Amino acid sequence: MYRPREEYELESRQGSGRSGRLYPDIQSEMDDELGRESLKWKEVFVRLDRNRDGRIALHELKDFVQASPEEFQSLGQDVIEEIFFLCDKDSNGYLDEHEFMTMVKDHVLRRRHPDLHRLLSFASKVVVPQKSRREAVNIKVEEFRCCPPPLLFILLSLVELGVFIYYAIECSNDGATLTAEGPVPILSPLIYNPRRRYEAWRYFSYMLIHSGYVHIISNIVVQILLGVPLEMFHGPLRLFVIYISGVIAGSLGTSVSDPRVYLAGASGGVYAVLTAHVSSIILNWNELEFAPIRLAAFLIFFCVDLGVAVYTRYTLPPGATKVGYVAHLAGAIAGLLVGINVLRNVSVNPWEKYCWWVCLFLYFILLGAAVAWNIAYADYFPPDDTQPLQPGHCRIY
């Protein structure tokens with residue numbers, strides 16, 4: 001969910017020393033130009049605000065632009081055209097100082113960093129409601145969170161792809177053929193193995209293993225197309241928290257509900273990110289463009305992907321290695337419960353604050369219950385396999 005302007009501004013003021021900012025000399029130059037432009041147009045606004053109520057009538061602003069075109073020439077033709085458009089749309093409306101200065105700042109930043117501005121504008125269409133889009137883009141250009149670029153999901157995808165290629169080669173050496181659904185490297189130290197639950201890292205590392213090229217491609221596509229735009233506006237830490245919460249929920253949920261299956265793939269984390277964004281679509285239903293189409297697209301993807309996983313789980317021949325699907329559902333639930341706390345809505349209603357606490361409480365209750373079940377009910381699970389891993393990596397379906 002897109003965070004309110006106040007939170008962005010506070011973060012921008014407090015975070016001037018972090019790695020996501022511009023280098024000091026470039027940032028100083030940029031701030032100087034913005035300062036000069038802001039001071040100049042603030043004086044213009046004050047001059048037009050005759051009754052000193054903090055706003056100017058659109059029709060008066062249009063008349064002033066037409067009467068003094070040379071004074072507004074440096075503002076940019078795009079801003080002038082927008083003033084005329086707003087006036088034609090609502091000639092009885094008003095423009096307050098904040099709205100006016102946002103238009104000015106947008107022009108300055110677009111002129112100074114056109115490529116970055118275009119990139120963030122494109123990403124904002126995925127993440128930010130239309131009425132908040134310009135301001136969000138301006139703040140992010142100033143903050144320069146894209147330099148260095150959003151690397152979380154790019155790096156995750158590269159690592160997952162590298163691991164997949166490694167095991168594809170190893171499996172081919174073992175006589176297995178790469179297909180859309182397999183093979184699965186069940187002897188990998190990374191996969192979640194129900195007989196080696198005592199190797200705690202497997203509850204996380206299984207996200208690096210994928211069963212077939214369809215599995216890896218679908219996860220990477222979602223991570224890049226949805227994860228990167230979200231990361232641009234919310235930052236890597238928030239998205240990483242959501243992603244890992246889905247990964248943990250996926251392994252723990254699978255261990256409790258389907259205790260004898262292996263688990264591979266980043267679907268738990270991917271679905272956590274996806275449903276975190278779905279929750280923002282629902283909460284910002286009236287502000288986001290094409291909200292029904294967006295929600296329908298996510299639901300179709302979810303149903304198709306989950307359907308394939310369920311089909312694969314229950315139609316394999318006897319003796320084949322079973323790979324779980326519950327991680328999809330558990331990750332989706334984690335994304336809803338954690339995402340509503342980590343990401344923020346455009347306008348926060350009082351009831352939403354209670355909803356945040358309820359969701360956070362539910363997540364940790366479910367997480368704690370799954371951990372307790374894994375520890376307390378050892379007989380529920382297959383016996384531990386403490387033998388060294390055998391040579392080879394794969395088993396063919």
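Quick reminder: no glycine exception, Cβ is built from N, Cα and C everywhere.
All TrEMBL annotations are machine predictions without curation.
These figures come from a predicted structure and were not determined experimentally.
Residues annotated as compositional bias 'Basic and acidic residues' in TrEMBL: 1-12. What TrEMBL records for 36-71, 75-110 is domain 'EF-hand'. Among the features that TrEMBL reports, region 'Disordered' is placed at 1-26. Residues or ranges marked as transmembrane segment in TrEMBL: 150-169, 203-225, 237-256, 262-283, 295-313, 325-343, 355-376.
Within the same chain, the transmembrane segment (262-283) packs against the transmembrane segment (325-343): three or more Cβ pairs sit under 8 Å, each pair at least 6 residues apart. Mapped onto DSSP classes, the domain 'EF-hand' (36-71) shows 26 helix, 3 strand, 7 coil.
When pLDDT is averaged over the domain 'EF-hand' (75-110), the result is 63. Packing against the transmembrane segment (355-376) from elsewhere in the chain are residues 197, 245, 248-249, 252-253, 255-256, 333-334, 336-338, 340-341: each is 6 or more residues past its ends and has a CB under 8 Å from a CB in it.
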